[in-house]
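Engineer: This is the structure I have questions about; it appears just below.
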Amino acid sequence: MGLRASGTGFVVLVLLQSCAAYKLICYYTSWSQYREGDGSCFPDAIDPFLCTHIIYSFANISNNEIDTWEWNDVTLYDTLNTLKNRNPKLKTLLSVGGWNFGPERFSKIASKTQSRRTFIKSVPPFLRTHGFDGLDLAWLYPGRRDKRHLTGLVKEMKAEFAREAQAGTERLLLSAAVSAGKIAIDRGYDIAQISRHLDFISLLTYDFHGAWRQTVGHHSPLFRGQEDASSDRFSNADYAVSYMLRLGAPANKLVMGIPTFGRSFTLASSKTDVGAPISGPGIPGRFTKEKGILAYYEICDFLHGATTHRFRDQQVPYATKGNQWVAYDDQESVKNKARYLKNRQLAGAMVWALDLDDFRGTFCGQNLTFPLTSAVKDVLAEV
């Protein structure tokens, strides 16, 4: 019995160590509260044990200081951080910037010593006041002239966090969201330098394809497709990860993005294969109400009566129904991605976003909340 008890304890220890070895970074978006009916998501819907880190998106910058964006952000901050009462190991970060913020605003702040200093000084007290463990910089698509300013911002922010922690508090975490497109990486990021000062980098390995391309294609392929044009050879997660590592990002700081949303297209002809022409983005989802984008829970509804396919080379699924063509991820594809990042010895996975997964567990017929995020977690926990 003694040997069996000891063995069981060892297995449990290995499982805990295995799960703890990988980060599962999960974004939550504050605007998801405004979706109608069952699409409305608040932080109290989140399982506190699902992710290792939850990032609240987004904070604003007003008068060069970090600030709230939504009218009820402070209430939502408190609701999110209350999750740590149930799971004290959970880390929460506040993301500043995002798509609607605009790279020009970041550029204006970071390029001037005084405004940059004002912003940096405002961050630690704001995070401490609202119970966050760190900051996520979502300066998306910085320009060529912004490269050194972003590096300086990251370096000085990390130094400020270190100084603030000298009072005896745990140092605040610092992360950044980085585009996975080769052109965007080359133009705006000194990967080797910013990696030195960041605790982790969330690589946005999705949105490689969209309605702006005039043809159908998958937005989050794991690998290059055999039928991809030479211009698309960089547009996959495998290339983006390899390129980031080649540029000097440490594997133990690189987190690979996995989307819980799909991209939809309206076909312009009866053709449905790769490269088929489109007339524009797909019709809006019932809850997200944005052309060309569908939450996973909306995709589950779409799949009723649809024809499903899988790109074997890219290892991702798509579905067609009428004149609608939808690229998405399912449990099989996200598990493959999680196994891939483990094989590459990356720091973990990032999910965009919890509120786009089937967070209620009522849409996808699996009787499981957050089925995609849970599938990623299960693979990360495998020995």
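Backbone N, Cα and C define each Cβ position, glycine as well.
Per Swiss-Prot, the features are:
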type     : residues                                                                                          : note
SIGNAL   : 1-21                                                                                              : signal peptide
DOMAIN   : 22-383                                                                                            : domain 'GH18'
DISULFID : CYS26-CYS51                                                                                       : disulfide bond
CARBOHYD : ASN60                                                                                             : N-linked glycosylation site
BINDING  : GLU70, TRP71, GLY97, GLY98, TRP99, ASN100, TYR141, LEU204, THR205, TYR206, ASP207, ARG263, TRP352 : chitin binding site
DISULFID : CYS300-CYS364                                                                                     : disulfide bond
REGION   : 324-338                                                                                           : region 'Important for AKT1 activation and IL8 production'
CARBOHYD : ASN367                                                                                            : N-linked glycosylation site
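I'd like to know what surrounds each of these features in this structure.
Structural biologist: On the 0 to 100 pLDDT scale, the domain 'GH18' (22-383) averages 97 in the predicted structure.
Taking all protein chains in view, 29 other C-beta atoms sit within 10 angstroms of the C-beta of CYS51 (disulfide bond). According to its DSSP assignment, CYS51 (disulfide bond) is coil.
DSSP gives ASN60 (N-linked glycosylation site) a strand state.
According to DSSP, TYR141 (chitin binding site) sits in a coil region rather than a helix or strand. Listed in sequence order, PRO103, SER179, ALA184, GLY188 are the same-chain residues at least 6 apart in sequence whose CB falls under 8 Å from the CB of TYR141 (chitin binding site).
There are 19 other CB atoms within 10 A of the CB of CYS300 (disulfide bond), with all protein chains counted.
Following the DSSP three-state reduction, the secondary structure of ASN367 (N-linked glycosylation site) is coil. When other Cβ atoms within 10 Å of the Cβ of ASN367 (N-linked glycosylation site) are tallied across all protein chains shown, the result is 8.
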Engineer: Looking only at C-alpha atoms, tell me how far ASP207 (chitin binding site) is from CYS51 (disulfide bond), rounded to the nearest Å.
Structural biologist: 23
Engineer: Long-range neighbours only, meaning 6 or more apart in sequence with Cβ under 8 Å: which ones does GLY97 (chitin binding site) have?
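Structural biologist: Looking at Cβ-Cβ distances below 8 Å from GLY97 (chitin binding site), excluding near sequence neighbours, one finds PHE58, PHE106, LEU137, ALA138, TRP139, LEU140.
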Engineer: Highest Cβ count within 10 Å among the binding-site residues TRP99, TRP352: which residue is it?
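Structural biologist: The largest 10 Å Cβ neighbour count belongs to TRP352.
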Engineer: Listing them in sequence order, which of the recorded positions CYS51, ASN60, CYS300, CYS364 have their Cα within 10 Å of that of TRP352 (chitin binding site)?
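Structural biologist: So far as Cα distances go, none of the recorded positions lies within 10 Å of TRP352 (chitin binding site).
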Engineer: Let's check the environment of ASN60 (N-linked glycosylation site): how many other CB atoms sit within 10 Å of its CB?
Structural biologist: 17
Engineer: Fill in the CA-CA distance, CYS300 (disulfide bond) to TRP99 (chitin binding site), as an integer in Å.
Structural biologist: 26
